[in-house]
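Per Swiss-Prot, active site is recorded for HIS99, ASP102. What Swiss-Prot records for GLU230, GLU266, ASP294, ASP337 is Mg(2+) 1 binding site. Positions annotated as Mg(2+) 2 binding site by Swiss-Prot, on the basis of similarity to another entry: GLU266, HIS269, ASP305, ASP307.
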Amino acid sequence: MPYFDNISTIAYEGPASKNPLAFKFYNPEEKVGDKTMEEHLRFSVAYWHTFTGDGSDPFGAGNMIRPWNKYSGMDLAKARVEAAFEFFEKLNIPFFCFHDVDIAPEGETLKETYKNLDIIVDMIEEYMKTSKTKLLWNTANLFTHPRFVHGAATSCNADVFAYAAAKVKKGLEIAKRLGAENYVFWGGREGYETLLNTDMKLELDNLARFLHMAVDYAKEIGFDGQFLIEPKPKEPTKHQYDFDVATALAFLQTYGLKDYFKFNIEANHATLAGHTFEHELRVARIHGMLGSVDANQGDMLLGWDTDEFPTDLYSTTLAMYEILKNGGLGRGGLNFDAKVRRGSFEPEDLFYAHIAGMDSFAVGLKVAHRLIEDRVFDEFIEERYKSYTEGIGREIVEGTVDFHKLEAHALQLGEIQNQSGRQERLKTLLNQYLLEVCAAR
């Protein structure tokens, strides 16, 4: 049955359009550089927020109006698949993502859970045969059920470690079967509340053992998708071990895992860690670890993960700047790990939200491309660091000096003259480029 029968396929109508159910800036076939927008942006729908989210919060029950919610159990799971692929087709979106429990309910036993998953994966596989929408990534939910109260791979209970491994094993089999481009690990419960009851070294060692086993099993079954770590500093756990890109990178390097993983970077997780979105993207990029993106934004006045749809054009521009500098996202994409606000409870709000996010990143792509083409920031940065291309600076970079030679050089210096960083001028240029793209017809 149709679930969005009052919605037509969303088309590009251009900036002058007043149609709220049309793209104003995202034209999938438009070339930006040597790729189309669709190839650059690789948009993805998050199954959990879009099809299972009910709008509930700590202060109120679910209020979302969803046509499929008249069903329950496995009938509900099947209805969600039907609704999802109708949504994908009408939005003309190339990818989707899910956790295992998003697509099928857990059973009384692990075997029953596997059975439920198999039934729904069969159904998804059939839909994918005639759909352009592919699986960007899947993952195992290792945080919702009470068994994971003390963590999954970092749990103090070895039985929980084993159960988590079984879920990831099944998840990797599903990833291979559905042709997933990536597989994600997000450790929402991998951390601690207090050191008074925590063996941190054992927990970190066990987390590494767990990830090595996952790498080994992926090789065993021939799954060649990219493994992704998704950093987050807190929520639900006070001290999470994958706090930010730098922390997670140190972990991967320490345990010999760096060659097998890249990062799935979420904008709102960056701000929770006290960073900008583009900071986390830059750290990952310069270390060759930028794999995929969870596209959303947080509310700077709130201290939690609000998962809003991305509409901040400065943020999307600076994010796309890093992504283009990275040569794209490879097998990754821009997954809308975002939810409509509790007050936006009607089905069509799902379309308005995704259109807003897709248009915002389309603008960001075009602005970032022009900034890079015109070398707006590159030229300034090259001039700013010019002292390292000649004289003593070049010797520092080439590693041909020591403290003795540097001291001798410093003793010969007079008053050192620095130059302005011109931050305000550069922000004005960013504004100019953004406004020019938005004003273009």
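Glycine is no exception: its Cβ is also placed from the backbone N, Cα and C atoms.
Structure with Swiss-Prot features highlighted.
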residue	record	DSSP class
HIS99	active site	strand
GLU230	Mg(2+) 1 binding site	coil
GLU266	Mg(2+) 1 binding site	strand
ASP294	Mg(2+) 1 binding site	strand
ASP305	Mg(2+) 2 binding site	coil
ASP337	Mg(2+) 1 binding site	coil
Item to complete: Using the structure shown, find which entry in ASP102, GLU266, ASP305 (the recorded positions) has the sparsest Cβ neighbourhood within 10 Å.
Response: ASP305
Item to complete: Go through the binding-site residues GLU230, HIS269, ASP305, ASP337 and tell me which ones have a CA within 10 A of the CA of ASP102 (active site).
Response: none
Practice prompt. Find the one among the recorded positions HIS99, ASP305, ASP307 whose C-alpha lies closest to that of ASP294 (Mg(2+) 1 binding site).
Written response: ASP307
Discussion item. A 10 Å Cβ contact count, applied to the binding-site residues ASP294, ASP307, ASP337: which residue has the minimum?
Written reply: ASP307
Worksheet item: HIS99, HIS269: which of these recorded positions has the sparsest Cβ neighbourhood within 10 Å?
Response: HIS99
Worksheet, complete the sentence: The recorded positions listed are HIS99, HIS269, ASP305, ASP307; by CA-CA distance, the one closest to ASP337 (Mg(2+) 1 binding site) is ASP307
Item to complete: Give the sequence-ordered list of residues that share a chain with GLU230 (Mg(2+) 1 binding site), lie 6 or more positions from it, and have CB atoms under 8 Å from its CB.
Response: VAL184, PHE185, TRP186, ASP242, PHE263, ASN264, ILE265, GLU266, HIS269, ASP294
Worksheet item: In whole Å, how far is HIS99 (active site) from ASP305 (Mg(2+) 2 binding site) when you measure between their Cα atoms?
Response: 18
Fill in: Spatial separation of ASP307 (Mg(2+) 2 binding site) from HIS99 (active site) - C-alpha basis, Å
17
